[in-house]
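> The following feature annotations were taken from TrEMBL:
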type   : residues : note
DOMAIN : 63-246   : domain 'BCS1 N-terminal'
DOMAIN : 277-421  : domain 'AAA+ ATPase'
REGION : 511-536  : region 'Disordered'
Amino acid sequence: MDTHPTEKTLYLLEPSYVPVAATGRGQNIWSNIKSRLSQSNGAALLISFLSKSYFLQDSAKLFLLGSIIEAGRRLCQWFLIRFRIQYSITAEFVQGDPTYEWILHFLNDQEVWRRAREFEVSTKSSSRKWGITTGRTSEFVQYVPTYARPQIFRWNGHWLEITRAKPETHFGLFGQPVLGHPPGLSTMFVTVYTLDMSVMSAIVEEARKRYVEVSKPDVIIHMASNHHGGTWDRAKRQRRRPFNSIILQEGVLDSLLQDTKEFFKTESWYTERGIPHRRGYLLYGPPGSGKSSTICALAGELGMEMYSLSLASDYIDDSYFQRAAASMPKNSIFVIEDIDCVMPSWNDTGEDVPQMISRRPWEIPFSRSRVTLSTLLNVIDGVGSEEGRLFFTTTNHIDRLDPALIRPGRIDRKIPYYLATKEQAAALFMHFFPLNSISSANPHSDCPEVGTLNKSKETHEAQAIQLSKTFASQVPPHEFSIADLQGYLLRYKNEPERAAVEIRAWTEQEREYKRGERERVNKKIKEKEKKEAMPL
Ligand SMILES: Nc1ncnc2c1ncn2[C@@H]1O[C@H](COP(=O)(O)OP(=O)(O)OP(=O)(O)O)[C@@H](O)[C@H]1O
């Protein structure tokens, strides 16, 4: 039986819409191939179909061309990557590390972001000082580039490429972004086209120097993040506070400054004797007496940055605390607030201690830290931490501290803070109203002391001293904090005379208010005790 299709069958199977007008060499080739391969039925049919379908032929050519182009592109990419690996150095800067801040500031200085096209707009005060400020709103806002497109610029004769990776976003089951889930950390990649590693270190050093220079008028306070466990990715700047604006008992501030300076000068002394180069201070006393302000002023005076966390924060646990302590750079001040919240671990005591505890019913309950005493002691003893560490701890309740915590070697100096004395009240007044403000202020006609002063035309200095004495004489010692008095004086910013006279009425009013508060708390405690005493 003849299995070859006849000429007639072939034409019958050919689609009628295929044009058959093509002639010449191409057609001859196709005819040859067709005649050779038309040994089998299927192949013959296919060849016949292809030879007539110019649409398929063009598609095949396009496919071939596309494949060649794609292969070329991939090859170029491959070569580019190999070139980059061979002839460039890339450094990664991760948010939360101080170097990330330095490099951001440096890039901002270089105006690298000028050509960026995608920005996040943020108010100036709420984020770090970088980003582009333009136009009329520059006072208030800045434009922070958000995208990952590389930026190229030249620095000291080298080409640098910057890529900023977006923080990782978390997606739900159906690909929707999860609201409320903390975003990841931003990362910055800096690539330098050179084989010389010293160029990269020169960039980082330059970035650090510029950052330190620009930060001079401020104190930078890094705070532990409640999003990224154990990282310091939140920072705020505070204007440097004049050291003499802190009003303490005579000699306290000077000796503290002396002590800290001495500590940094004597690193080799510590090393030679095998003593860890670390110094710890405990500032204790009532709220608003100036503990945090002292540390801040000291940081400004020493030109150091602060890393501050409160052990009362519910997101700080043992591992968080250890990581945060370990990731702090050398020559910075570590501030651990509210150490009285730390208790021996549950296992150590074997007790079931609730989150809010109170030893006696009349004591205000305080929260228990998630950091255990043993971890705190380990961190203070320097486990996983840098040498050259100056740390400050603060508490309002020294009586609640474990003796192990404040033994010498862990806490080297304990500095008490008190409610305001008369001398402090007078000094605060003088600080609030310097001499020129007294001379330019309007005399208050209802004030006999002031009236006398103005009539007798005493010197401004004597006038100021007299007013401060009047003020201090009306402040009962050890009853109000400096923060309380500061709050009062703020009401009379331009009226020193009134401030000096009306303090008496204010103290009465405050006493009355505090008495009322105490009574309210006592009543609540009694009600609670009564309820507890009632049979169920
Ligand atoms: N001794 C002081 N000298 C100057 N200012 C002070 C002093 N004490 C308090 N202040 C002022 O009172 C405010 C609160 O002070 P600060 O935060 O330092 O108190 P604190 O003792 O750390 O309080 P807390 O124990 O509640 O943290 C600050 O604005 C500060 O300017």
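Every residue, even glycine, has its Cβ placed from backbone N, Cα and C.
Curation plays no part in TrEMBL annotations; they are all automatic predictions.
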> According to DSSP, how is the domain 'AAA+ ATPase' (277-421) divided among helix, strand and coil residues?
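Taking each residue of the domain 'AAA+ ATPase' (277-421) in turn, the totals are 39 helix, 36 strand, 70 coil.
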> May I have the DSSP-based helix, strand and coil counts for the residues of the region 'Disordered' (511-536)?
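The region 'Disordered' (511-536) comes out at 23 helix, 0 strand, 3 coil.
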> Take the domain 'AAA+ ATPase' (277-421) and average the pLDDT across it for me.
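For the domain 'AAA+ ATPase' (277-421), the model's average pLDDT rounds to 81.
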